[in-house]
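Structure first, then comments.
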Amino acid sequence: MKVNLPVHRGETITGTIADLTYQGNGVLKVAQYPIFVPDTLPGEKVEVRVTKLTQNFAWGMLTQRLTTSPDRVENANQMFLQTGIAPLGHLKYPAQLKFKQKLIQDLLTKAHLDLTVAPTLGMAAPYHYRNKAQVPVRYQRGALQTGFYKRGSHDLVPMEDFYIQDPVIDQTIVTVRNLMRDLKLRAYDETKQTGDVKHLMVRRGYYSHQVMVVIVTRTSKLPHAKELVAGMVDQIPGITSIIHNVNAKNTNVVLGPENHVLWGEPTIHDQLLGIDFTISPLSFYQVNPQQTEKLYQAAIDAAELDGTQTVIDAYCGIGTISLAVAKHAQKVYGVEIVPAAIEDAKLNALHNQIENAEFVVGKAEEQMAKWQAAGLKPDVLIVDPPRKGLDEQLIEAAGKMAPQKIVYVSCNPATLVRDLQRLMEQGYRVTKPIQPVDQFPQTTHVESVTLLERTEID
Ligand SMILES: C[S@@+](CC[C@H](N)C(=O)[O-])C[C@H]1O[C@@H](n2cnc3c(N)ncnc32)[C@H](O)[C@@H]1O
């Protein structure tokens, strides 16, 4: 059914921004009909031109900012807003932390859940925190460039300071770019499917300071590899590993399956909560180590472990949470769908002499049902699912296993709120304020830890 909309395309509207969406766009309301306006903040009086209409919402473009929010960062770098590197870069950091707390609180209120959200745990210096970069290599006006894609496109914006990455990583990218220019290496052309170098990936250990550079090419050919490696070894502080990765596919996935060590080690190391982790090019590893330690510590504190408990870590990745928890528990079981991650988890346990952690490859929802059928009775279940949240089957198995505590580490407040409702139906209730932890300052991502405890006695 077509409804009469209160605005039309091309119309200019003046009003006050009422809210900020989970994507960081301001919301201007006309008779409750929302218009999303990039680069505007709550409280700002603005003039907006309506650019796109749908039945439920519209998009608008800011034509004039009539008043400025006290939370606005003056002279925010437009390049970062344009590329999506820092979509909240125009909002002062204390306001970003409040925005993340409110985002969870609003979703709870919408779901009629009367729960409290604690203030977001932020960073003292919320820039230059990322320990990993993946940057496209392209030609721009005849020169080989590294940078970041413009939001919603594959147009490269050349960049040297990436604002949220470890500065040594930024410097490494510039060094490799300059070497590639000097050696006349060919950048990848996505449209013509020509050229050699597609991407650079750089990782740096926060504690170890070890640097890994991965050069991703379209074919197995990497011209001047010897000279390139010699220059990198000479100029990059902390260089430990240089890898050639081949990705023949033209998709949005950056790394291909094939890795060749050009120089040094196949992996680098870093620590989290005192545990040493081996990181290979394809390993998933948390990108903000300082905040990850806070996130895991919040999960460990919530579980109140005293060394006697059996813990399941579902969606365990390379075992980061499992291994951090192991020294506070009697036994930890981890399950993860990616076989290579479980291999890493087993090796990480071995290298850290952790003998009370066991890892299984599988779907968490299926493995939980198997453990339950085998009579495993965990005291604590920790879940750290991907954005889509928990599978219904996992929630059912959790209800049957009936652990005293469930610690939910979430990267998506919308699925968190849905899953909390489902877990409550299984006899759990939330017993502490939900704790947001800011893993990704300057962006709209929100991570949190929630403690649920069993209320029904079997
Ligand atoms: C948010 S990450 C958490 C990883 C780990 N806890 C960490 O902090 O490094 C989610 C993990 O769930 C895994 N995963 C996705 N679907 C899964 C499933 N159905 N069963 C088990 N693991 C799954 C992903 O491969 C990923 O490693």
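Glycine is no exception: its Cβ is also placed from the backbone N, Cα and C atoms.
Features reported for this protein in TrEMBL:
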DOMAIN    6-64  domain 'TRAM'
BINDING   GLN286, TYR315, GLU336, ASP384  S-adenosyl-L-methionine binding site
COILED    347-374  coiled coil
ACT_SITE  CYS411  active site
ACT_SITE  CYS411  active site, nucleophile
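Sequence-distant neighbours of ASP384 (S-adenosyl-L-methionine binding site) (same chain, 6+ residues apart, CB-CB distance under 8 A): ASP313, ALA314, TYR315, CYS316, GLY317, ILE321, VAL409, SER410. Cβ proximity to the S-adenosyl-L-methionine site centre (mean Cβ of GLN286, TYR315, GLU336, ASP384, cutoff 8 Å) flags the following additional same-chain residues: PHE284, ASP313, CYS316, GLY317, THR320, ILE321, PRO385, VAL409.
Outside the coiled coil (347-374) by six or more residues, the chain places 275-278, 312, 314-316, 318-319, 322-323, 326-327, 329-339, 383, 385, 390-394, 396-398, 400-401 with a CB less than 8 A from a CB of the stretch. Residues of the domain 'TRAM' (6-64) grouped by DSSP class, helix first, strand second and coil last, total 0 helix, 33 strand, 26 coil. On a Cα basis, CYS411 (active site) lies 17 Å away from GLU336 (S-adenosyl-L-methionine binding site). In this structure, the CA atom of the residue listed as 'active site' is 12 Å away from the CA atom of GLN286 (S-adenosyl-L-methionine binding site). Here GLN286 (S-adenosyl-L-methionine binding site) comes close to LEU272, THR292, THR320, GLN439: these same-chain residues lie at least six apart in sequence, with C-beta atoms under 8 angstroms from its C-beta. Taking each of the recorded positions TYR315, GLU336, CYS411 in turn and counting other Cβ atoms within 10 Å of its Cβ gives the largest count for GLU336.
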